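The next block holds one structure in the form of structure tokens; read it before the comments.
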Amino acid sequence: TAWRVLQLGGSELDAVERGCGQCEIDQCDGSVGYGGSPDESGETTLDAMIMDGNTMEVGAVADLRHVKNAIGVARKVIEYTKHTLLVGESASLFAVRMGFPYEDLTTQKSLSMYSKWLNQSCQPNYWKNVVPDSSKSCGPYKRPEKVTYKEEQNISQRSVHNHDTIGMVVIGGSGTVASGTSTNGAGHKIPGRVGDSPIAGAGSYADSTAGGAAATGDGDIMMRFLPSYQAVEYMRMGTDPTVACQKVISRIQKYAPKFFGAVICANTTGSYGAACNKIPGFTQFHFMVSSPLLSQPTEQVVDCI
């Protein structure tokens, strides 16, 4: 969809918005758009951002409720405000003023995911060091009288598919760069949680003097390292996109060897690459590429490091 927009004369930002927006409509992988990844209260909320690599403007929304086209709302933040990030119910009110319909993001599927989770004693969840024991029962949780810290649960207790994102980098014919992301976040997250996706430099980053990058995976860990910004800075220094992505992943590995995540990178000449962290059940990363050199959108695969 994004490639078609470019071919029809649309801008790089148009391509990012329409491409990510298509995934919101299609509910890609259950991790983008409405009806997926219900939070602890059963509600689906959306995070998205879009970035213009010419002006360095960013529009983003987080914890967006009742509006399906999150990336579209993010674009309106650039076009109609001097702000960068709007959140929660206030972001929804802004969206309605911008003409987006106010809708229910819950579906039968997301309700059944929520019910199943409740029946499994609310496992997995994102609490630690609370009472009652979050690994065995549902909340409401509170701080214990006496604190005894436990190691965080390891990756094998969480499905590597319990959250994901569409991330997109578009390089125009003249080298102009735009990027964007859209996601419904981590499944069964604590309400109010915002991950890396809508944060500039974390979820994605675009700079028309260097290139663009986008990240996917465990946003709670990845956002601490601003991987997309870091990857673009490596490319600015002349680093090959694949190596730039690998360097970013390696940096996070030192602190969180079991994290689930991947980064895609593209520079202004159209070279691209990707890298991912190798963990059980996630040894390769698949991503799609469209370019004048390819007759159709093509799936690419990299081995994780």
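Cβ coordinates come from backbone N, Cα and C, glycine included.
Summarising the annotation, TrEMBL assigns active site, nucleophile to Thr165.
Gly217 (substrate binding site) has a Cβ environment of 26 other Cβ atoms inside 10 Å. If you look up TrEMBL, you'll see Arg193, Val194, Gly195, Asp196, Thr216, Gly217, Asp218, Gly219 marked as substrate binding site.
When the binding-site residues Asp196, Asp218 are scored by other C-beta atoms within 10 Å, Asp196 scores highest. Contacts of Val194 (substrate binding site) defined by a Cβ separation under 8 A and a same-chain sequence distance of 6+ are given as Asp47, Ala62, Asp63, Val87, Gly185, in order along the sequence. Considering other CB atoms within 10 Å as the measure, the emptiest surroundings among the binding-site residues Gly195, Gly219 are those of Gly195. Counting only same-chain residues at least 6 apart in sequence, those with a Cβ under 8 Å from the Cβ of Arg193 (substrate binding site) are Asp39, Asp63, Tyr126, Gly185, Ala186, Asp220. Sequence-distant neighbours of Thr216 (substrate binding site) (same chain, 6+ apart, CB under 8 A from its CB) are Asp164, Thr165, Gly167, Gly261, Ala262, Val263.
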